[in-house]
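Engineer: Take this structure, written in structure tokens, and hold onto it; I'll ask about it next.
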Amino acid sequence: MGIHQDTTQNSLNEVEAILALADGSIFRGISIGAAGSRVGEVVFNTSMTGYQEILTDPSYTKQIVTLTYPHIGNTGTNTEDGESGDINRKHQVWAEGLIIRDITMTTSNFRSSESLVDYLKRHETVAIAEVDTRKLTRILREKGSQNGCIFTASNGETITDADIEQAIKLANEFSGLEGLDLAKESSSQDGFVWTEGTWELADRGVHGVTESETGGYFKKLGEHIEHKFDVVAYDFGAKTNILRMLVDRGCKVTVVPAQTPVADVLAMNPDGIFLSNGPGDPAACDYAIENVRHIIEETDIPTFGICLGHQIIGLASGAKTMKMKTGHHGANHPVQDLETKVVMITSQNHGFALDEDSLPAHIKSTHRSLFDGTNQGIELTNKPVFSFQGHPEASPGPNESSSLFDKFATMMEQNKQA
């Protein structure tokens, strides 16, 4: 099998671009994506790899992502690594924009089918390179995440003072994420059944696997996995690998839109209910909070939440959420299990958190961030309900917390036998 190489320098005309922050900070660079301007909350992500998964993660809706690792684009992009769990929008780029230091001109990877530059342009994603991302990250770390605008010049033109003023104005006009219900926007609209498991390396001819489109990798086929549990997953912006991890544990996953009435879910007689990740302010998702409150108070169905789903479980149980200064975005976040004292390196992507001081007596804190001490997990003492703030499915990132999916499966098994 040959190694795909794609040189982007011939198609990369150096069009001027700027990043303007709401505080007036200006960063100059070149456009490496679509033309135009985009506004959003500027955050930084410390992952060294996985830029395609990051761009397609629905949790980044209305956010402009700064990648702190300096060299981006080395492995190109492919047709298989989109993380949007909605089968109708699997490859959609959800991030509002991308900020990087250096764009690699030559991509080399056996799975690559397109350069990052061409990928960004095809998905109409505004992006800027040659930015001092270390300086930008220090500003965001010290002042907190703030609104920003990526503004590109027309071909052959230069960025003018008027353009800079306009970009700062646009950044300040963006309302921010507080109070925004974005789960309805990133959720699937019709729902679907998911049966595909995680991918694994294997030899040709192994039973139950097939060659991927780009070769070399193989993925499990759903029909070869025994479905022991019927799980209904509320989709607030679910990632693909979450659904795969559930299938690996023997779950047939029925994904339903974010606003699906709880009566419809209970009518499916599920063995378990899963609450997905998603973007925006959890406190604005009043419909989800009410649905989950009913599930907790009126049923004994095992329920597991991740990220936004974690926060919704907390809100439905009487806790409060808070907007974080910078949020957690990256694949190197240490989290401690408060019972075992084991430390896990986790993937994180959230700008809101549960206020641990607001937890009612029937909720115990199970995990805590070793970066800033914020809550990372809860469990109800009177119901089979638990949740985790980070991303145990990774993609990208480590899988040290993937045992949480096993815990969910064990809960469902015990509940069926009771």
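Counting starts with 1 at the first residue shown.
Yeah, the Cβs are placed from backbone N, Cα and C, and that goes for glycine too.
What TrEMBL says about a protein is an automatic prediction, not a curated fact.
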Engineer: For the L-glutamine site that TrEMBL describes with Gly278, Gly280, Leu308, Gln311, Asn349, Gly351, Phe352, which of these is also annotated: Ser37, Ser47, Ser59, Ser84?
Structural biologist: Ser59
Engineer: Are any of Ser59, Gly278, Gly280, Gln311, Asn349, Phe352 (the binding-site residues) within 10 Å of His391 (active site) when you go C-alpha to C-alpha, and if so which?
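Structural biologist: Of Ser59, Gly278, Gly280, Gln311, Asn349, Phe352, within range: Asn349.
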Engineer: Including all protein chains displayed, how many Cβ atoms other than that of Phe352 (L-glutamine binding site) lie within 10 Å of its Cβ?
Structural biologist: 20
Engineer: Within 10 Å of Glu393 (active site) by C-alpha distance: pick out those among the binding-site residues Gly278, Gly280, Leu308, Gln311, Asn349, Phe352, and say none if nothing qualifies.
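Structural biologist: Of Gly278, Gly280, Leu308, Gln311, Asn349, Phe352, within range: none.
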Engineer: Please spell out the DSSP helix, strand and coil residue counts for the domain 'Carbamoyl-phosphate synthase small subunit N-terminal' (15-151).
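Structural biologist: Taking each residue of the domain 'Carbamoyl-phosphate synthase small subunit N-terminal' (15-151) in turn, the totals are 26 helix, 53 strand, 58 coil.
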Engineer: What are the other residues, in sequence order, whose C-beta lies within 8 angstroms of the center of the C-beta atoms of Ser59, Gly278, Gly280, Leu308, Gln311, Asn349, Gly351, Phe352 at the L-glutamine site?
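Structural biologist: Close Cβ neighbours, site residues excluded: Gly237, Asn277, Pro279, Asp281, Pro282, Cys307, His350.
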